[in-house]
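Pulled from TrEMBL:
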- 1-406: domain 'Major facilitator superfamily (MFS) profile' (DOMAIN)
- 33-52: transmembrane segment (TRANSMEM)
- 64-83: transmembrane segment (TRANSMEM)
- 89-112: transmembrane segment (TRANSMEM)
- 124-148: transmembrane segment (TRANSMEM)
- 154-172: transmembrane segment (TRANSMEM)
- 217-240: transmembrane segment (TRANSMEM)
- 260-281: transmembrane segment (TRANSMEM)
- 293-310: transmembrane segment (TRANSMEM)
- 316-338: transmembrane segment (TRANSMEM)
- 350-374: transmembrane segment (TRANSMEM)
- 380-398: transmembrane segment (TRANSMEM)
């Protein structure tokens, strides 16, 4: 259920990545202006992860995730109406959608902290994030099909309706923690509790200790890693359909297909990374060593692949390089994305909110900046090479500052 919800989170946001192509042609929008429209989602997404994380730590990820899905589904359903009224209203709805989706990641992290022992958390995150990435696949593949049959409005109505249907199942079958679940067995509950005793997760009342969380270098290692991950992720998510369409000369349906294939691979590679990292920890390897290995693969792999992508103009080869970049970036899920629960189990949601805010800011800059750089230089080359270099620098910072030990009670 959590993986499906995370998939919806990505599916509804990726609709505009495809729809922006015909919309730009219809309204004669420049690449820079198209970047602003796409990034408007992130303006709201920038604001909600911190309060969303605090609410998830206080009330549990179930309720916060549920409200998030409700509001972003409504925003998705009314997007066509907003677009038909005015550009300002469209931007406002996109911002509202971003506000609603900003709680998803902290809620997911909170639920993993409550529901899974430390030896299974990387796999749990991998499964949830696998659904998240498959949301890209469904969004990229189904959006042009729905648009061709029902017009530009079609995918917005379809995915918004699915979100509301999922919500009813979420509240019927999911509880915020194992102790309150109606069908869990005693052995299952003991297994979870025995695996989380050393990292007990408790609900915190009052203002989260932001100053304390930001006073330690391991926190900044996570924040920087999240920012870099989002920088590269959103360039690929928002601009690759445009890249394949305008630079490589393929039609919109083909561009969506070439852009979707890597995300399916990412779901599988993310699960492999999670299972591999859990296996290494179970065999006695230090958590810090595992996190460094996973994160290094997650950043250095895309750095090399983006250089390869920049060197070809053949769509199939470009899609192969893009697949390598996205697949290897999924190893970050067993790196920084699990590290929240290791260094701050009781504040995993808040710390995720802090880092996700930094990551969202990076995503806004990369999304808008890519549009203007392409408009200014007439090429994606500078964007791809800059991102590759940033991946390398971020790898060095992570390996210098990260830890696998609990540092916040």
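A Cβ is built for glycine as well, from the same backbone N, Cα and C atoms used for every other residue.
Using the rule of three or more Cβ pairs under 8 Å, pairs at least 6 apart in sequence, the transmembrane segment (124-148) is not in contact with the transmembrane segment (33-52). Highest Cβ contact count with the transmembrane segment (89-112) among the listed stretches 33-52, 64-83, 350-374, 380-398 falls to 33-52 (criterion: pairs under 8 Å). Spatially, the transmembrane segment (350-374) is adjacent to the transmembrane segment (33-52); three or more Cβ-Cβ distances between them are under 8 Å for residues at least 6 apart in sequence. Most Cβ pairs within less than 8 Å of the transmembrane segment (217-240), among stretches 33-52, 260-281, 293-310, 380-398, belong to 380-398. Confidence in the domain 'Major facilitator superfamily (MFS) profile' (1-406), given as mean pLDDT, stands at 84.
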